[in-house]
Amino acid sequence: MIPGNRMLMVVLLCQVLLGGASHASLIPETGKKKVAEIQGHAGGRRSGQSHELLRDFEATLLQMFGLRRRPQPSKSAVIPDYMRDLYRLQSGEEEEEEQSQGTGLEYPERPASRANTVRSFHHEEHLENIPGTSESSAFRFLFNLSSIPENEVISSAELRLFREQVDQGPDWEQGFHRINIYEVMKPPAEMVPGHLITRLLDTRLVHHNVTRWETFDVSPAVLRWTREKQPNYGLAIEVTHLHQTRTHQGQHVRISRSLPQGSGDWAQLRPLLVTFGHDGRGHTLTRRRAKRSPKHHPQRSRKKNKNCRRHSLYVDFSDVGWNDWIVAPPGYQAFYCHGDCPFPLADHLNSTNHAIVQTLVNSVNSSIPKACCVPTELSAISMLYLDEYDKVVLKNYQEMVVEGCGCR
């Protein structure tokens, strides 16, 4: 069985076990009889056996999604706006120009071209202030990356910092700041207090008159931690205020919580580490164009057409109780293939030479089955979800949508 079909079959079986007859509309007519038989047999079993069967189905699904157990997201889990916007761009829900207004979001074409998984990480809440000169402020941040699977190869990583516009006077030349990003090379306990051994990863000169997100390349550090298994002592962020004092330190670049502002504001504006990786399965992320409304064609000719073709099948994640950890989409149109493969096979039935021969033999020998109506082309979907560690993940899953059917 094609992996995509097996995936859908398990979903449908889970829906039947969880919801009974209320989900019968999701099952093709030809399968309702078999589903009823399954339910009849299941009704005679002990409830413990049914729950065990359901757990097996769920475990199979989670394995397909690359998860070791079912995520149980906490109420404090935060979905960064950046990841939501990235999902919308990746899935083609909205154009980049519409999404980027006021957010500074640009689709990461180069990192995404080598990845099928994007993960986001917030730093551990405790911050370590690093004493510096009167013109700068610096902090050390720790990011726990232990939730990245062993089979996922990280290709790049970026650190996103939010900076707000600050009115410091009319003098343009006095409004420049330099933001330096360092990798901490040794644990603070082994160093002189107030001094870190670091290496520079990225730097940028910015002006205080703009509110936007800044993105810094921290790939060398993250690759050392994940590929080379080197110790992770965190990143150091230094903001140097050129030609000025520290009057507005902490107001321009959001690297620490501001007490007067609400926790919700800080949750969305705090520093964000984003990794791009590939687990070796399927294609890389590719930004899709915005979807247009489908054109409606007359269905009169199809009502009597029983030949092999694609039919609608919507899979709703809430029906299997997964809408608490799958952020988007709420469901998707999977489609399925059903219909006859009559002799002689028409060109539009997308048949193989073998299917043509098999159908020809069937016409004179009924003991040989007809060719079957099966998916001939499958496509991927993007999913945004919370994993077992409350980390937000954007991932491409292959062979989830039927694009074409044929007799094979």
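Placed from the backbone N, Cα and C atoms, the Cβ positions cover glycine too.
Look at Swiss-Prot and you will find 284-307 tagged as compositional bias 'Basic residues'. Per Swiss-Prot, the feature disulfide bond maps to Cys308-Cys373, Cys337-Cys405, Cys341-Cys407. As annotated by Swiss-Prot, N-linked glycosylation site applies to Asn144, Asn209, Asn350, Asn365, with the evidence given as sequence analysis. Under the heading phosphoserine, Swiss-Prot lists Ser91, citing similarity to another entry as support. Annotation source Swiss-Prot lists region 'Disordered' at 91-111, 281-307. Look at Swiss-Prot and you will find 1-19 tagged as signal peptide, backed by sequence analysis.
Annotated features, which come from Swiss-Prot, shown on the structure.
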{"residue": "Ser91", "record": "phosphoserine", "Cβ neighbours (10 Å)": "21"}
{"residue": "Asn144", "record": "N-linked glycosylation site", "Cβ neighbours (10 Å)": "15"}
{"residue": "Asn209", "record": "N-linked glycosylation site", "Cβ neighbours (10 Å)": "11"}
{"residue": "Cys308", "record": "disulfide bond", "Cβ neighbours (10 Å)": "26"}
{"residue": "Cys337", "record": "disulfide bond", "Cβ neighbours (10 Å)": "23"}
{"residue": "Cys341", "record": "disulfide bond", "Cβ neighbours (10 Å)": "24"}
{"residue": "Asn350", "record": "N-linked glycosylation site", "Cβ neighbours (10 Å)": "16"}
{"residue": "Cys373", "record": "disulfide bond", "Cβ neighbours (10 Å)": "21"}
{"residue": "Cys405", "record": "disulfide bond", "Cβ neighbours (10 Å)": "23"}
{"residue": "Cys407", "record": "disulfide bond", "Cβ neighbours (10 Å)": "26"}
Task: Coarse DSSP state, helix versus strand versus coil, of Cys341 (disulfide bond) - done: coil
Open item on the list: Nearest by CA distance to Cys373 (disulfide bond): which of the recorded positions is it, out of Asn144, Cys341, Cys407?
Closed with: Cys407
- [ ] For Asn350 (N-linked glycosylation site) and Cys405 (disulfide bond), determine the Cα separation and express it in whole Å.
- [x] 7
TODO: Would you mind pulling the DSSP three-state label for Asn365 (N-linked glycosylation site)?
DONE: coil
Open item on the list: Spatially, and counting Cα to Cα, which of the recorded positions is closest to Cys337 (disulfide bond)? Options: Ser91, Asn144, Cys308, Asn365, Cys407.
Closed with: Cys308
Open item on the list: If I take the alpha carbons of Asn209 (N-linked glycosylation site) and Cys341 (disulfide bond), what is the distance between them in whole Å?
Closed with: 67
Open item on the list: I need the CA-to-CA distance for Cys407 (disulfide bond) versus Ser91 (phosphoserine), whole Å please.
Closed with: 30
Task: Asn144 (N-linked glycosylation site) and Asn365 (N-linked glycosylation site), Cα-Cα, nearest whole angstrom - done: 65
TODO: Taking Cα atoms as reference points, rank the recorded positions Asn144, Cys308, Cys341, Cys405 by distance from the residue listed as 'phosphoserine' and give the first.
DONE: Cys405
- [ ] List the Cα distance (Å, whole number) between Asn144 (N-linked glycosylation site) and Cys405 (disulfide bond).
- [x] 45
TODO: Measure from the CA atom of Cys308 (disulfide bond) to the CA atom of Cys341 (disulfide bond) and give the result in Å, rounded to a whole number.
DONE: 6
- [ ] Write down the Cα-Cα distance for Cys405 (disulfide bond) and Cys308 (disulfide bond), rounded and given in Å.
- [x] 7
TODO: Would you count the other C-beta atoms found within 10 angstroms of the C-beta of Asn365 (N-linked glycosylation site) for me?
DONE: 8
